[in-house]
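For reference, TrEMBL has these:
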DOMAIN    A:10-70  domain 'NLE'
REPEAT    A:103-144  repeat 'WD'
REPEAT    A:145-186  repeat 'WD'
REPEAT    A:188-225  repeat 'WD'
REPEAT    A:235-265  repeat 'WD'
REPEAT    A:361-402  repeat 'WD'
REPEAT    A:403-444  repeat 'WD'
REPEAT    A:445-478  repeat 'WD'
Amino acid sequence: MTSEDVERLLIQFQDENGEVLGSPFDVPLDITPDKLQLVCNALLQKEEPVPLAFFVRGEAEVVSSLGSCIQTLGVETEQVLPVVYQPQAVFRVRAVTRCTSTLQGHTEAVISTAFSPTGKYLASGSGDTTVRFWDLTTETPHHTARGHNHWVLSIAWSPDGKKLASGCKNSQICLWDPVTGTQIGKTLTGHTKWITWLCWEPLHLNPECRYLASSSKDGSVRIWDTVLGRYEKILTGHTQSVTCVKWGGDGLLYTSSQDRTVKVWRPKDGVLCRTLQGHAHWVNTLALSTDYVLRTGAFEPATATINPQDLTGSLDEIKETALQRYNKVRGSAPERLVSGSDDFTLFLWNPAEDKKPLARMTGHSALVNEVLFSPDTRLLASASFDKSIKIWDGRTGKYLMSLRGHVGSVYQVAWSADSRLLVSGSSDSTLKVWDIKTGKLNMDLPGHADEVYAVDWSPDGQRVASGGKDKCLRIWRR
Amino acid sequence: MDHHERKRKKESREAHERSHKARKMIGLKAKLYHKQRHAEKIQMKKTIKMHEQRKTKQKDDDKTPEGAVPAYLLDREGQSRAKVLSNMIKQKRKEKAGKWEVPLPKVRAQGETEVLKVIRTGKRQKKAWKRMVTKVCFVGDGFTRKPPKYERFIRPMGLRFKKAHVTHPELKATFCLPILGVKKNPSSPLYTTLGVITKGTVIEVNVSELGLVTQGGKVIWGKYAQVTNNPENDGCINAVLLV
């Protein structure tokens, strides 16, 4: 005998910032997420239905049915229950499963690898002092850029994808043209010790992609004018090596250093705005919530095609699209900054406003090597030398889950463009693809012969590139 | 013949005198001397070889060194995996033996006559059962002396210290931290109970100033440090943090 009267419940849809949508709804307890999605889309009145994820009271996700979720939470069914809806990415990135090619050519370990913002070009820097460009359609070498005389430590694509900057251990910075593989302009010298990080000015602030910030072990940060080939400003203030520099979308520059501080600067006049203190050991890495959208600039991953294309349009159009994308991702709240350190903890900051951290995230048992916000800024991944990756909430810093599986220190992580998958490279020579929704290992990608030093996921979601100590660059596809 | 001449001639005679002594010495004395001399000669040969190498070595500007590592690994010394495994075994053995790795493993043991001074008491100053500590010591917060008539060990107020200058070995930064207690004095357990701080003593310091946190999220507020100077000579306690 089937019972016809299923318990009913009053729910109120809310978006992430707390604004309510419509009036409270009466729904049966066994409603599934699909039906909730239909209702919510109808309320949102958009042209195309957007896939949504629902969280009861903002905490527990509704997976199978509302009833099971409420049972686990133990919530009273008398009051109106707030249900937060989060729009997910419309497109879905498929997990990479196989290694399609091993690109040999470097004669020393591959230290850094990066896809261009549209995903058309791939560049890799190595210990043999060259930067190599690879053709992705045929997966063969394209150009070899020679010009450095020591290991190429960091590379950075300009947000319009037309230039690549590379910094080496002899403190030189060179700019390359990916189409011809030749050097643009002259070598930028000025730092006294090796370059630790390079970061371009965001596209929506300057569509010409003219200014580049570089941080070095000598404790200074220089802002270079790539057109004139000389430095604009030097930002000194750190007493030890600067490990990371990030150019924020609001026109502030963030730097982290081994002197345990994070400093906030205004690049226009080179003034130090704020010093964020709190860490007890070297600060290794920084991540901005808007990192992904600043990196891709005017390219929208949802419009990606099988063959990646260059950005088209005049400078103004590109600037407009980049600005729109940036504002959408940023939302109403200012940018958030996360710093990971050798003291095994991470700090979540609101650097534009506050000197005090928003949250301190502890839990790792070894130093944190890299932190990365997901492209939709909701999640935060931290890779550590204790062989685990921890996922935290991007807004509050609350701990969500641990991804265990690696048997060696995890060196780098990369998010897929839809924020559903995460790939990590480690010193145990494997890459692992993790599914964030379930928190489980999706795919194990062995194949490298030695430690994996650099990992990157292309912005169109089709390929993952990884390079390591075995001098090979591997491309992985579905 | 002035001072410089005499000095020069004396120094040049030293080699002859040394060899004469070495030839003529017999017995246990000779054995000890030869052992020491052998060790000295080995060191000398090593340094000479090192200097020779430095002269002949030329900087090869063209060749880039091997072992390229990414920027995040540059300031860290990479341990090869074999070394890591044998380190684990060594650690296990040490734990079993109860020996711990400290920056100063061997310190000169301080005898009782050095650390404690005899205080004579009594009407005729004949009784000699009281002792006064001549080295720096630490007494806790709630310390009250025993009644002076029955006090056997006197710890003078001038030699009592509450803070130590502690250096973090990796950060190379020094902080002035309050002492929480004396953990172990290598010379004698009696000194540990008295709170005597000499070179090589392991003390516990309050590190809440540094802001270190454990895995569980609890703030670490006490850590061990080993004293590296002679505090009674310098007037301050310098220590290195044991991480």
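Numbering starts at 1 and runs along the chain as it is shown here.
Cβ atoms are placed via backbone N, Cα and C, with glycine included.
Caution: TrEMBL annotation is automatic and unverified by curators.
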For the repeat 'WD' (A:403-444), could you work out the same-chain residues 6 or more beyond its ends whose Cβ comes under 8 Å from its Cβ atoms?
88-89, 91-93, 95-97, 292, 301, 304, 366, 369-370, 372-376, 378-379, 381, 383-391, 450-457, 459-461, 464, 466, 468, 470, 476
At a threshold of under 8 Å on Cβ distances, which of A:188-225, A:361-402, A:445-478 pairs most often with the repeat 'WD' (A:103-144)?
A:445-478
Using DSSP, how many residues of the repeat 'WD' (A:445-478) fall into helix, strand and coil, respectively?
0 helix, 17 strand, 17 coil
Report, as numbers and ranges, which residues of the same chain sit near the repeat 'WD' (A:188-225): CB under 8 Å and 6 or more residues beyond its ends.
150, 153-160, 162-163, 165-175, 231-236, 238-249, 251, 253, 255, 257, 259, 265, 267, 270, 294, 297-298, 315-316, 318-319, 322-323, 326
